[in-house]
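Trainee: Mind having a look at this structure? Questions to follow.
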Amino acid sequence: MENLQLVLFVLGAIAIVAVLVHGFWSIRKQQPKSLKESPMTGFYKDQGATRDHQGFDADGIGQVRVRKGSPISDDERAEDEIDFAPKEPTLTSEGQMDSSVRQDENVAEAGDDFSLSDQPKQRVTRQRQEPVLSAEVQQEEINQMELGLGQEAAPNQSSLFESTVPELSPEPEPSIEVPEPVSEPVLESVPEPEPVAPEPEVLPEPQDVLVLHVVAAEGEELNGAELLPSLLSLNFKFGDMSIFHRHEDNAGTGKTLFSLANMVKPGVFNLDDMEQFTTEGVVLFMTLPCHGDPLRNFSIMLNSAHQLADDLSGQLLDGGRVAWCENTKQNYLQRIRTQNS
């Protein structure tokens, strides 16, 4: 076991040393070589020795020579400088212009005789001279130009206006006719006749009364808390004489068709005490003659009595408190026909 550990330790040390050596070798290889170590250095040295007796190499390129120029004096430097300052033009004569032209021709001829052996001449800067016009001469020329233009433009303008502007003849003033005021007819307001309210239909003295009774079962009473909702669902309305009435309109308006009262004296109801109210029965009655169709009114009263008996678990009786039957119904209808005939 100890020998195995020693072998592993030696192998690890060898691996570490190999990694370090390889790293240094890689870094050394990647570094750029200096000019002294470059293989092209000897090539350039050998090329310097292969030149002919005139100093040219195989490509015909000679050695670089540095020549010092002759010193330039201050006077020559001042003459070479270009004067950019504006100068006032002067008026030159024809003789001066001719001399300048001859001087230019001489310079051109001298340029043709130039050779390589001639020494370079100093450059002479020639100043350009422009004619100067005095203020008086300029003003006179301007005045003459204005006078000439004004004389030529004046007739043209006058003829232009004469040809373009037409002669306007005075137009006659339009005569305005003032219409005479027309008197509008005065409308007299005619008072509309007030609608005449229809006189209420006056019924004659009652000739007959049709009566129906709705009574509770034997030994029981009708409860006011159940009676009031049933009456309202049948379109009865509490009104005159503290009893309920059925009108022409289901909303409780119009003429009274028939009425409903308490069967127990005094025959009235108290709405504030309807929940505690109890009675043995109620009575429905219709007078003849009546408003509207009596047959229709009786049919509505009979249907309402049947509905109350069903809602309150009561019994329907005739005017003599006898159970309602078909013969009693035919008797009531005959009484209605008798009143209409």
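Using the three backbone atoms N, Cα and C, a Cβ is placed for every residue, glycine included.
Heads up, here are the entries from Swiss-Prot:
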type     : residues : note
COMPBIAS : 90-100   : compositional bias 'Polar residues'
COMPBIAS : 175-190  : compositional bias 'Low complexity'
COMPBIAS : 192-201  : compositional bias 'Pro residues'
REGION   : 35-134   : region 'Disordered'
REGION   : 157-201  : region 'Disordered'
TOPO_DOM : 1-6      : topological domain 'Periplasmic'
TOPO_DOM : 28-341   : topological domain 'Cytoplasmic'
TRANSMEM : 7-27     : transmembrane segment
Trainee: On the DSSP side of things, how many residues of the topological domain 'Periplasmic' (1-6) fall into helix, strand and coil, could you say?
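Mentor: When I sort the residues of the topological domain 'Periplasmic' (1-6) into the three classes, I find 5 helix, 0 strand, 1 coil.
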Trainee: In this predicted model, what is the average pLDDT of the topological domain 'Periplasmic' (1-6)?
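Mentor: Looking only at the topological domain 'Periplasmic' (1-6), pLDDT averages out to 82.
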